[in-house]
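Undergrad: So that we are looking at the same thing, I have put the structure below in structure tokens.
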Amino acid sequence: MKVLVINAGSSSLKYQLYNMMDESVLASGRVERIGMDSSIVTHEPADKPEVKNVSEILEHTTAVRRVLDLLTDAKHGVISSINEIHAVGHRVVHGGETFKQSALVTNDVKVEIRKLFDLAPLHNPAHMMGILAVEENMPDIPQVVVFDTAFHQTMPQQSYLYAIPMVLYRRHKVRRYGFHGTSHAYVSDQAAKFLNKPLESLSMVSCHIGNGASCTAIKDGKSFDTSMGMTPLEGLMMGTRSGDLDPAVVPYVMNKEDLSVSEVNSMLNKHSGLQAISGLSSDMREITDAMNEGDKNAKLAFDMYTYRIRKYVGAYAAAMNGLDTIIFTAGVGENSVVLRKAVCEGLTFLGVELDEERNSERSKVTRRISTDSSRITVLVVPTNEELLIARDTYAIIRESSDYN
Ligand code: AMP
């Protein structure tokens, strides 16, 4: 049973082919610059050298065809025919309130995803292009959609509603949805397995700290609250996103600087966060390097960034009336020793005791970085959203009566 996982963006398409018998990755790769003058295809088969080529790929259907050609290529391929692919799983950013779990793609499901275009105008239309492109190339293959928001659909109303007129929720579905759900679900499950405890017995805060960043309170195995909101802008300070701010800042700045809606949107999403405060970079590696060389703005950016994470962990400990596990994951969370140290140093009052040696170890596996006597267990758990998409796809296809 082989499952192809696709993450389609407006001008890119990433893929991974899984053998579900042992969950190994047979090949992965990406098509970049779709629709631009020279598209780049990078194909990485597991046991063969990487191939990279540049050609004209004007739309997603051609991109999928190119991927299938590479997967079945005599020299660079990993399967002999596309018939070996049993199902395709797609990452979809926004599932609104409609999708509380992953779903088999049907005409009704496509209609519902289209209805959500307004809520994720940059992402959902691109995912739909990916679904249609697979349909055109492999008309009989079952497809599954896995939503970034689905895990957070368990949040209680008190967590997901904003204190603004209810008519806006009823009419326009303005509420907190949360994102990175696939990652939070995956790492919390991995953490429970690592600790050898039932997931439902743990109160965790999962910190997905990558270019985008969010904290999620996970209670009884379910998302109880999360820092991202109706869009991924709310919550933690991020690489280029502001995170939380007084909403009154927006009209004030628009007025003072004569900014349009799209300009202010771009300012908050693309020109804020680490980038804005350091005046240097949105990349945590560059921030910490500059900080070590004495750059004051980089230090301020780092301090603001880690302070916000601490605030959320503390808030969620109170929200859940308890906390036993903190998880760090994603690019920064998995790799930055200094970030984890800075966050944990401010949480000693909760009973967090970091083991500096464990924290400094470089490793790609789930590991404990707190001391054995720490009241709260702190873990680093490498995330793997693609694997969770492949697992959900496999499970849904097996359950589905259409598949035999
Ligand atoms: P992600 O969005 O999960 O792919 O994370 C990407 C981010 O991880 C990059 O922007 C980097 O800032 C960060 N990152 C990757 N490696 C390191 C590292 N060794 N130390 C600090 N940050 C890192």
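A Cβ is built for glycine as well, from the same backbone N, Cα and C atoms used for every other residue.
So TrEMBL says this about it:
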type     : residues                                                                                                      : note
ACT_SITE : Asp148                                                                                                        : active site, proton donor/acceptor
BINDING  : Asn7, Glu385                                                                                                  : Mg(2+) binding site
BINDING  : Lys14, His208, Ile209, Gly210, Asn211, Gly212, Asp283, Met284, Arg285, Gly331, Val332, Gly333, Glu334, Asn335 : ATP binding site
BINDING  : Arg91                                                                                                         : substrate binding site
SITE     : His180                                                                                                        : site 'Transition state stabilizer'
SITE     : Arg241                                                                                                        : site 'Transition state stabilizer'
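Walk me through where these features lie, including what they touch and how far apart they are.
TA: Sequence-distant contacts of Asp148 (active site, proton donor/acceptor), defined by Cβ-Cβ distance under 8 angstroms and a gap of at least six in the same chain, are Arg91, Val92, Val93, His94, Gly95, Phe179, His180, Gly181, Thr182.
According to its DSSP assignment, Glu385 (Mg(2+) binding site) is helical. In the structure as shown, the Cβ atom of Glu385 (Mg(2+) binding site) sits within 10 Å of 22 other Cβ atoms.
Annotation note: Ile209 (ATP binding site) sits in a strand segment as assigned by DSSP. Taking a C-beta cut-off of under 8 Å and a sequence gap of six or more, Ile209 (ATP binding site) has these contacts in its own chain: Leu236, Ile309, Phe328, Thr329, Ala330, Gly331, Val332, Gly333, Ser336, Leu339.
Here the Cβ of Arg91 (substrate binding site) has 22 other Cβ atoms within 10 Å, regardless of which shown protein chain they belong to.
In the three-state DSSP scheme, His180 (site 'Transition state stabilizer') is classed as coil. Neighbour count (other Cβ atoms within 10 Å of the Cβ, all protein chains): 29 for His180 (site 'Transition state stabilizer').
In the three-state DSSP classification, Arg241 (site 'Transition state stabilizer') falls within coil.
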Undergrad: Can you give me the Cα-Cα distance between Arg241 (site 'Transition state stabilizer') and Asn211 (ATP binding site) in Å, rounded to a whole number?
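TA: Cα-Cα, rounded: 9 Å.
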Undergrad: List, in residue order, those recorded positions out of Asp148, Ile209, Asn211, Asp283, Arg285, Val332 with a Cβ under 6 Å from any atom belonging to ligand 1.
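TA: The ones that qualify, in sequence order, are Asn211, Asp283, Arg285, Val332.
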Undergrad: Could you state the CA-to-CA distance between Glu385 (Mg(2+) binding site) and Asn211 (ATP binding site) to the nearest Å?
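TA: With distance taken Cα to Cα, Asn211 (ATP binding site) is 15 Å from Glu385 (Mg(2+) binding site).
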Undergrad: May I ask you to report the DSSP-based helix, strand or coil state of Arg91 (substrate binding site)?
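TA: Where Arg91 (substrate binding site) sits, the three-state DSSP reduction gives strand.
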Undergrad: Around the C-beta of Asp283 (ATP binding site), how many further C-beta atoms are within 10 angstroms, looking at every protein chain?
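TA: There are 16 such Cβ atoms around Asp283 (ATP binding site).
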Undergrad: Who sits close to Arg285 (ATP binding site): which same-chain residues at least 6 apart have their Cβ under 8 Å from its Cβ?
TA: none
Undergrad: Just checking: which of Asn211, Asp283, Glu334 have a Cα that is within 10 Å of the Cα of Asn7 (Mg(2+) binding site), counting only these binding-site residues?
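TA: So the list reads none.
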